[in-house]
Amino acid sequence: MSGETPMCSIDLSEVKAKETRMAGRFRVSWYEQYIQPCVVELLGSALFIFIGCLSVIENSPDTGLLQPALAHGLALGLIIATLGNISGGHFNPAVSLAVTVIGGLKTMLLIPYWISQIFGGLIGAALAKVVSPEERFWNASGAAFAIVQEQEQVTEALGVEIILTILLVLAVCMGAVNEKTMGPLAPFSIGFSVIVDILAGGGISGACMNPARAFGPAVVAGYWDFHWIYWLGPLLAGLFVGLLIRLFIGDEKTRLILKSR
């Protein structure tokens, strides 16, 4: 496995981009280093959030959380398997933060990735509104996270968002970035973690785990109640996982302390 490129990391020093000969030297295409990954993050985020929003808007009350859980998890796994080798397949600001902390993404690309993911979320949520019957759209609050209605629910919802996002980000970083544990089933395990998270915590916080997934529908539906939970929780979780891997559970290359040499 050590010879494989980590799917959810992007090391610019190892990018196998198109090389063009100029003045006797080879240079790596700047487009494939900087622009193409951001385009893919925008595209993947738009597709993922479109499917996720539509699964909530069209969800039958009889199915409970099953339809959104399967749609979100399967869509994310499929999109990562399809596009992950170009951008790393993050499609989530919390994931990008963690991958940056553990050295899988250049710091200079973190903000462009976030911008791409957020705009992708806006596009996906807007497309979901366009294709959805108006009554169903508004009945579902446009797939915005409206489950937290009272101040008393905030602590539980924030705690659940942090814990659920930790599981998701661990699946990404350990399955697709950390060389010692990465493997070909990473897209499956990442998608499966989303399914499990939504089934477990959807009734408490909505199981967002992704600020871009929260922001797009909030803008389109104009629903901002307790919106900050879905930024603070996932980003704290991403930072925590990044530090956990950097300090304790990462491989020799990633870990900053307790090295053998």
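Cβ atoms are placed via backbone N, Cα and C, with glycine included.
Here's what Swiss-Prot has on this protein:
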TOPO_DOM  1-36  topological domain 'Cytoplasmic'
TRANSMEM  37-57  transmembrane segment
MOD_RES   CYS53  cysteine sulfenic acid (-SOH)
MOD_RES   CYS53  cysteine persulfide
TOPO_DOM  58-84  topological domain 'Extracellular'
TRANSMEM  85-105  transmembrane segment
TRANSMEM  108-128  transmembrane segment
TOPO_DOM  129-156  topological domain 'Extracellular'
CARBOHYD  ASN139  N-linked glycosylation site
TRANSMEM  157-177  transmembrane segment
TOPO_DOM  178-183  topological domain 'Cytoplasmic'
TRANSMEM  184-204  transmembrane segment
TOPO_DOM  205-228  topological domain 'Extracellular'
TRANSMEM  229-249  transmembrane segment
TOPO_DOM  250-261  topological domain 'Cytoplasmic'
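If you count C-beta pairs under 8 angstroms between the transmembrane segment (108-128) and each of 37-57, 157-177, 184-204, 229-249, the highest count goes to 37-57. Tallying C-beta pairs under 8 angstroms between the transmembrane segment (184-204) and each of 85-105, 157-177, 229-249 places 157-177 first. Nonlocal intrachain contacts for the topological domain 'Extracellular' (58-84), taken as residues 6+ away from its ends with a CB within less than 8 angstroms of a stretch CB, comprise 7-8, 40, 43-44, 47-48, 51-52, 91, 132, 136, 140, 176, 186-188, 190-196, 198-199, 202-203. Looking just at the topological domain 'Cytoplasmic' (250-261), the mean pLDDT is 86.
The two recorded residues, ASN139 (N-linked glycosylation site) and the residue listed as 'cysteine sulfenic acid (-SOH)', have Cα atoms 13 Å apart.
When the recorded positions CYS53, ASN139 are scored by other C-beta atoms within 10 Å, CYS53 scores highest. Residues 52-54, 56-59, 202-206, 208, 214, 217-218, 220-221, 223, 225-227, 229-230 of the same chain sit 6 or more residues outside the topological domain 'Extracellular' (129-156) yet have a Cβ under 8 Å from a Cβ within it.
Residues 102-103, 178-181 of the same chain lie 6 or more positions beyond the ends of the topological domain 'Cytoplasmic' (250-261) yet place their CB under 8 Å from a CB of it. Secondary structure of the topological domain 'Extracellular' (205-228), assigned with DSSP and counted as helix (H, G, I), strand (E, B) and coil, comes to 11 helix, 0 strand, 13 coil.
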